[in-house]
Structures are given as C-alpha cells and as structure tokens.
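> Pasting in a structure now, in structure tokens, and then I'll have a few things to ask.
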Amino acid sequence: MANLKAGTRPPWLGLGAAVWVQIASGNAYNFPLYSHSLKSVMGFSQHQLTMLGVANDIGENVGLLPGIACNKFPPWIVLSIGSFACFLGYGVLWLAVSRTVLNLPYWLLWLALCVATNSSAWLSTAVLVTNMRNFPVSRGTVAGILKGYAGLSAAVFTEIYSTILRKSSANLLMFLSFGVPILCFLMMYFVRACTPTFGADSTEHYHFLFIQVASVVLGLYVLTTTILDPILHFSAEISYAILVGMVVLLMAPLAIPVKMTICPLRINQPEMPNQPVASSDETLQGEANADKTEPLLKSSESATYLGSFREGDEASEVAMLLAVGEGAVKKKRRPKRGEDFKFTEAVVKADFWLLFLVYFTGVGSGVTVLNNLAQIGIAQGVHNTSILLSLFSFCNFIGRLGGGVVSEHFVRSKLVPRTLWMTCTQMIMVITYLLFASAIGGTLFAATALLGICFGVQFSIMIPTVSELFGLKHFGIFYNFMSLGNPLGAFLFSGLLAGYIYDTEAAKQHGLGLLSSSISCIGPNCFRLTFLVLAGLCGVGSVASIVLTKRIWPVYQMLYGGGSFRLPQTSNH
C-alpha cells in the first residue's frame, strides 16, 4: 500500500473532498423524487412501491462489507466500488423510467435499487473512517461535520433536480448514474490516509469552526430558497444563480488547504517528535512483533483515573505478572474499553449492545416519523407537507452538527461521556412524541423541529462513541453494524406498526372493505397509538442510555483525563 501522506495540509484537503463525497452519498434520499415515475411508468401498486422503499432503506444502511473493506483496502478502492454500484443500480432504474428498455421485471428493479443505494454505504464509510483516523482527537467534531453535510444532501439534490434537471425523474436517474461516480473519481485522490497531527496546529479549532459556520450558512441558504421558490416563483436566471451560490458554499471547506498552501505555517509536534511516516504494510508488520499489552494511554497520565475500573483485575494481574516473569506464560490479554477490539471481541461486551439498543430506539423511532411525515401532516390538517420535510431536514442537520460540537466540548472540558447527550435527547423525544399524540393546534411544527434535532444528535454521538470504546482499527465494521438499527426500526415501527394502525383507522373512517391505497386517514387517531408506543420506546432507550453512561464514565476519565488521549498504537489505515 501507499505511504501515509505527512503534513498538516493533506488531512484538511481530504476533509474538504470528503464533504463532496458525503453529499454524493446522500443519493438514497432521492427516492421520493422519482418514485412517482416508477409507479406510473411501470404500473406498480402502492404496496409494490412501498416494498421498493424497503429496498431503498436496506441498501442504504447495510454496510458491513464496506466496513470490512476499509480495513483491507485503501479508500480509493472502497470509493470505486461505491461508484460502480451507483452507476449499475441507477443505470437499470434509468433504463426503466426512460422506457429505453421495456418490461423489466419487478424483482430486477428491487435488486437494482438495493445495489444503487448501497453505494451510499460504501461512499460514506470510506470518507468517515478515513477522516476519523486522520483527526483521531477530534472525532466528535469530524463526525458531526460529515454527518451534517449528509443531512443536507437531500436539499442539495432537490435544488439540482429543480434547476438543472427540470424536475425530470429520468434526468435525475441519469445524473445519479453518471454524475455521482464522476464526482467520486475526481475526489478519491484526495480522500486518503494521512499522518494525524494530534491537534498540534493551534489553528485547528478555527478551521473546524469555519467549516461548521459554512455548513450552517449552507443549510439556511438551501432551506430559505426552498421555502421561497414556490412563493416567489423564481425565474430560470435566478434559479441558476442560487445553484451557483450553493456550489460556492459547498467549496468553502477547501479554502482551508488553499490558505495553508498560500500561507504555510511551521508547526512543531512535541507529542510525536521525529515520528517517521510508515506505510500500512510496515504498520501491520510492527503489530505482529509488538507486545500486545502496550496500553492506549500513557500510564503516568492515566493512572489517577483508573480507580475501580481496574480494581477487579488486581489479583489476576499480579499472578499473571509472576508467571510472565518466570517465562511460564506469554501474556495475551483481551483488550479493555478504549483499545482496539476485534468484532468478535466487541459483540460479547454489554456496552456494545447497550449502545446498539440506545441508537436503535432513538433512530428507529425517528425514522418512523420521517417515513410517515407527509401522512402525519395531512392527518393533522397540513396540506403543504414539503415545509414539514424541509423543517425536519434542516433541524436534523443542526442536530448532527451540534451534537458533535457540544459533545466534543464537554468530553474535553468536563470528561463527560458523549452518551449523556443521547440520554437528554431521548428524554426530549418522549415529550415530543406525546406532543405529536396530543395533536394540539400549533404544536406540529414545533414537535417536528424538536424531533429533527434529537434525531440528528443520535447519529453524531453514536459514531465517535463507537470509536472511543472499541478503537479505530475496526471502526468501519462497528459503525455499519450500529447503522442496522435504522432499517430494523423502519421495518418494525414504520412498516408494521404505523402502517397497520394507519390502515386500520382509515378502514374505520371509510367503512370496512373499502381500504385501498387511495384512501387517506384524517384526524389525530391515525397515528396516536403509534406515537404512544414510540414514546415508551424512547423511555426504554433513556434508561439504557443512563446505564451505559454510568458504565463508561471511568473510560472517558482515562481517555481524556490530563489530555492523554492519543491514537491507539494498533490502528492502521
């Protein structure tokens, strides 16, 4: 494999390129833009279209293979696989919608949609894993930034769909087939493993702040233009000008490496003096020869914080040390939280499943509302549901970005585990679902905004927490396994629970035996029971999050106490 790129500029260049790839990875959010054409052109029923939506969710969130690939191949190979999947899957859909090929079987379109949206998992995993390793001491901030841009991707694609593609589903599918792969091929050279700087650059904080402000401005810009377009009916010239402004804002993160090139700054790195830049092969060879008991933390920095975390191991540790000293035993212990775990070592840990449960309850309940938001608005008397969708998307972006920023600040200043913020947001989600269930006039928009923020926080907290508890070496696998909570929640709570209750209530309103896809349910009873179940689900998630936070508090004291946190010695790119 290629040598790691050294210096302070390459990681920032990679992060700027990753923003564009992250936007491209949001291609799965475009299903509502072309689903109506699939239904009309192919003559599908509502049930068949719903099952295509399930294929969309499965493809987007099943990413165990990309997680494994990130440990075995460089980022450009992972990005290439994602680009090919995008080209192949959306290409088949384009052939069907454009009528270039007639009578394609339903199973082929279902499979093509799975392949097409699975490109999201490959692209997102490649940039997320690479940049988390390039900025190991700013994981929360990096995760918040990248997932924040992912939350904005739907609005970006909608702007392109309305302006350049003239609201044509066939044009959109062609754009996804060719535009996304071309963009990824242009960016993949810059998305590469670099030697981490470990925060030695005093301007790093301001660089992250610049990107965060630029992303917020982009979000406000896209939200405002989306709301004003149907009101003011922008001309073609103004629409193109708006699109150009959006592209300029997307390029803002690239201003940092440009500035570093024009005004280079010498930076000393006292924490890693004369550190040679090794290739991945050399790193792996070093791992084979290294003592596997080398700790993640410098003992002088972290000994004060060990406390009860090691008390139970003292007797066995003494016996083991005696045996090792006599040469009778070669010590090979299991990793502790904060070190690099293998997947088989992590899945037997209670913390792993507690985190999965917390994430599943938060994201699984949130995606249920997101998938049914249009019907929820209509049931409560809101006919322009696009405003609800735009509001949820923007607040989701704020939650993703803000969750990373806030958790990063408190984990460094107060040694507070990030999962504390999952606890707080899930408690707020309980209240939010009760607001939805009450259907009190004027609360729908406030509840939607609150839910969007809390939903976004779940993403930006889970990602760095997984890497901190179980290491960066196999982070791609852990992250994608946790992401399975999204389609699982969509299937259980949206497809089964909400759909069944909605159809049952619609049958009551219109008479038994008259239930069909064209019948809508009106009134608070359409989703009331669903919201009460979701409130109870988040209550369970809140309790699980409290237990998890209490368990891992000593771990965060070790990791961040005295500023001793550093990249695990076994991590490789």
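Glycine too: its Cβ is placed from the backbone N, Cα and C atoms.
Whatever TrEMBL says is automated annotation, not expert-curated.
Remember, predicted model here, so these are calculated numbers, not experimental data.
This is the feature table in TrEMBL:
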type	residues	note
DOMAIN	11-258	domain 'Nodulin-like'
DOMAIN	349-552	domain 'NFD4 C-terminal'
TRANSMEM	73-95	transmembrane segment
TRANSMEM	107-129	transmembrane segment
TRANSMEM	141-160	transmembrane segment
TRANSMEM	172-191	transmembrane segment
TRANSMEM	206-228	transmembrane segment
TRANSMEM	240-258	transmembrane segment
TRANSMEM	352-374	transmembrane segment
TRANSMEM	386-407	transmembrane segment
TRANSMEM	427-457	transmembrane segment
TRANSMEM	477-502	transmembrane segment
TRANSMEM	522-548	transmembrane segment
> How about long-range neighbours of the transmembrane segment (240-258): same chain, 6 or more residues beyond its ends, C-beta under 8 Å?
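Beyond its ends, the transmembrane segment (240-258) has Cβ neighbours at 9-10, 12-13, 15-17, 19-20, 23, 156, 159-160, 163-164, 207, 210-211, 214, 217-218, 221-222, 225, 234.
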> Count the Cβ pairs between the transmembrane segment (352-374) and the transmembrane segment (206-228) that lie under 8 angstroms and are 6 or more residues apart in sequence, then report whether there are at least 3.
no
> Summarise the model's confidence over the domain 'Nodulin-like' (11-258) as a mean pLDDT value.
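Mean pLDDT, the domain 'Nodulin-like' (11-258): 87.
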> Against the transmembrane segment (206-228), which of these stretches has the most C-beta pairs under 8 Å: 141-160, 427-457, 477-502, 522-548?
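Highest pair count goes to 141-160.
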> Mind checking which residues reach the transmembrane segment (386-407)? Cβ under 8 Å, same chain, six or more beyond either end.
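Non-local partners: 140-145, 147-148, 150-152, 154-155, 212, 215-216, 219-220, 223, 226-227, 230, 370, 373-374, 376-377, 418, 421, 425, 444-445, 448-461, 464.
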> Please report, as numbers and ranges, the same-chain residues at least 6 past the borders of the transmembrane segment (427-457) whose CB is under 8 Å from any CB of it.
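That would be 147-148, 151, 362-363, 365-367, 369-370, 373, 376-377, 380, 382, 388, 391-403, 421, 524, 527-528, 531-532, 534-535, 538-539, 542.
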> Does the transmembrane segment (107-129) make contact with the transmembrane segment (477-502) through 3 or more Cβ pairs under 8 Å, each pair 6 or more apart in sequence?
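These two segments touch.
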> Taking 3+ C-beta pairs under 8 angstroms (sequence gap of 6 or more) as contact, is the transmembrane segment (477-502) in contact with the transmembrane segment (141-160)?
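As far as Cβ distances go (cut-off 8 Å, pairs 6 or more apart), the transmembrane segment (477-502) and the transmembrane segment (141-160) do not touch.
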